[in-house]
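Trainee: Mind looking over this structure? Questions follow.
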Amino acid sequence: MHKKAVVLYSGGLDSTTCLAIARAEGYEPYAMSFSYGQRHSVELEQAKRNARPMGAVDHLVVEFDYRQVGGSALTSDIAVPKEGVGSDIPVTYVPARNTVFLSFALGWAEVLGAFDIFIGVNALDYSGYPDCRPEYIAAFEAMANLATKAGVEGKGRFRIHTPLIHLTKAEIIRKGLSLGVDYGRTHSCYDPTPEGLACGLCDSCRLRLKGFAEAGVADPVAYATIKNPEVRSQESE
């Protein structure tokens, strides 16, 4: 019998790869996505279309409005930076977002009787978000086992799986391709056009393009400002 696992699934490149890995490792994946007022909701639409074809047993979309909190270019009128990937934590950071997401995942996991949670965080080719670091994940896992009925009663130990955390974006892409992931059915851009095209200039687009260039594979998604993503990604490094 396959073990159940909750997989945080945004519809982006990393989380799609993470879902494929969970399934390949023999888990029954229960995908969880969020509609939280994000400006790049086209990513969520990809998640809705692809969760079950990707092998998810169930797909739960949690709805809440992070715009009430604000403080991020993804949930307010703050402009999304287009100058390149910097060294400081960017304004696209959503305050405590992974803590909120993982808490929802933990709650669902406890209800399902699942003790495994997958999240596609990465600490190499990323924008410097503090809630993507290994020490954060370790701290949340410890908290999960202290803060739940299942944890304190010893019914099992919750584990937070981060299979991408020490991989480069190119390595993530190669891994996904080896598992049959169709990256043309993913979305990464923080600031897409009204038609849903990726901008090609935000942090997320730049990291994605760089990853495909280093993997030696053309990015299959359409960009509003780039005619040849493979060439553009090499030039932007």
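Sequential numbering from 1, following the chain as shown.
Using N, Cα and C of the backbone, Cβ positions are placed for all residues, glycine too.
Heads up, here are the entries from Swiss-Prot:
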- Tyr9, Ser10, Gly11, Gly12, Leu13, Asp14, Ser15, Thr16, Thr17, Cys18, Leu19: ATP binding site (BINDING)
- Cys189, Cys199, Cys202, Cys205: Zn(2+) binding site (BINDING)
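For each listed feature, how buried is it and what is near it?
Mentor: Sequence-distant neighbours of Ser15 (ATP binding site): residues of the same chain at least 6 apart with a C-beta under 8 Å from its C-beta are Val7, Leu8, Tyr9, Ala47, Ile119, Gly120.
In the shown protein chains, 20 other C-beta atoms lie within 10 A of the C-beta of Cys199 (Zn(2+) binding site).
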Trainee: Please identify, from the binding-site residues Cys202, Cys205, the residue with the sparsest Cβ neighbourhood, meaning fewest other Cβ atoms within 10 angstroms.
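Mentor: Each of the binding-site residues Cys202, Cys205 was scored; lowest Cβ tally within 10 Å is Cys202.
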Trainee: Which residues does Leu19 (ATP binding site) neighbour through Cβ under 8 Å, counting only same-chain ones at least six apart?
Mentor: Val7, Tyr9, Pro29, Ala31, Ala51, Met54, Gly55, Ala56, Phe118
Trainee: If I restrict to non-local contacts, at least six residues apart, and a C-beta distance under 8 angstroms, what lies near Cys189 (Zn(2+) binding site) in its own chain?
Mentor: His40, Val42, Glu43, Leu197, Ala198, Cys199, Gly200, Cys202, Ser204, Cys205
Trainee: For Cys202 (Zn(2+) binding site), just give me the three-state DSSP call.
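Mentor: DSSP call for Cys202 (Zn(2+) binding site): coil, neither helix nor strand.
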Trainee: DSSP secondary structure for Gly11 (ATP binding site), reduced to helix/strand/coil, please.
Mentor: coil
